[in-house]
């Protein structure tokens, strides 16, 4: 049976084994998918042994995405621009193909929600790795991006790098123009620490829709909770993105695209 895994540290909380088992059942694919704890020191060696033993592919989560990128022999364009890899596939010739399905997952979930139309203006909060992983697919979907970060130079560097792919500008988090954004995406890690992004609430109130790339199992993320407190209706966390990026990885490995929307409706958590 073909073997797959998700590598991360920590990894016990991962929903990926459940997600991929549902996809396998849905598409009649015979495969095994497990969670593997990566070692900070020996991750590269662990991964080499994993593939030497016949594994067909794996997902990579924090904190190993950049290291997996370095290990891959070939990369997709979206993986190259992200400079991070969340999906590896072993090719027939033994080489490792690196991909990044985070942005594709985000785009798929925004389409599911009906929040992605051409020529929209999207405000993205944060200019870290999460943002870098989704910029190319958003720009390819003809979105106009405003990138806001506390350190302006970091946002400017990203905007300059991605300018060839579409319309993108950088602003300081404290100087976001007060306008009606079609969509605001929180790509900061503040929710992991139980905090919200410190910014002008008027900007959130004026937005048509708001999306948090983080997700929480039992309760709203801090960002989602804040948006709801402000009376916003079109608010979502990133659980759909998690499931959709897994669907794109599954498609890369197995050649069949599972229906991720059906999984979101199941009481499987």
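The backbone N, Cα and C atoms fix where each Cβ goes, glycine too.
Feature annotations, courtesy of Swiss-Prot:
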- 65: active site, proton acceptor (ACT_SITE)
- 14, 15, 16, 61, 86, 102, 215: shikimate binding site (BINDING)
- 77, 126, 127, 128, 129, 130, 149, 150, 151, 152, 153, 154, 213, 238: NADP(+) binding site (BINDING)
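Shown here: features listed in Swiss-Prot, placed on the structure.
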| residue | record | Cβ contacts under 8 Å, 6 or more apart |
| --- | --- | --- |
| 14 | shikimate binding site | 6, 8, 35, 61 |
| 16 | shikimate binding site | 6, 33, 35, 59, 61, 246 |
| 77 | NADP(+) binding site | 136 |
| 102 | shikimate binding site | 82, 86, 130, 133, 134, 241, 245 |
| 127 | NADP(+) binding site | 147, 148, 149, 151, 154, 155, 157, 158, 170 |
| 153 | NADP(+) binding site | none |
| 215 | shikimate binding site | 221, 237, 238, 239, 241, 242 |
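The highest number of surrounding Cβ atoms within 10 Å, among the recorded positions 15, 61, 65, 151, 213, is found at 213. When the Cα atoms are compared, residue 15 (shikimate binding site) and residue 213 (NADP(+) binding site) turn out to be 16 Å apart. Once Cβ contacts within 10 Å are tallied over all protein chains shown, the binding-site residues 86, 149 are led by 86. The two recorded residues residue 213 (NADP(+) binding site) and the residue listed as 'active site, proton acceptor' have their Cα atoms spaced 17 Å from each other. Shown in sequence order, 6, 8, 59, 242, 245, 246 are the same-chain residues outside 14, 15, 16, 61, 86, 102, 215 whose Cβ sits within 8 Å of the Cβ centre of the shikimate site. Taking CA atoms as the reference points, residue 129 (NADP(+) binding site) and residue 65 (active site, proton acceptor) are 9 Å apart. As a whole number, the greatest separation of Cα atoms within the shikimate-binding residue list 14, 15, 16, 61, 86, 102, 215 is 18 Å. Cβ contacts within 10 Å of residue 129 (NADP(+) binding site), excluding its own Cβ and spanning all protein chains shown: 17.
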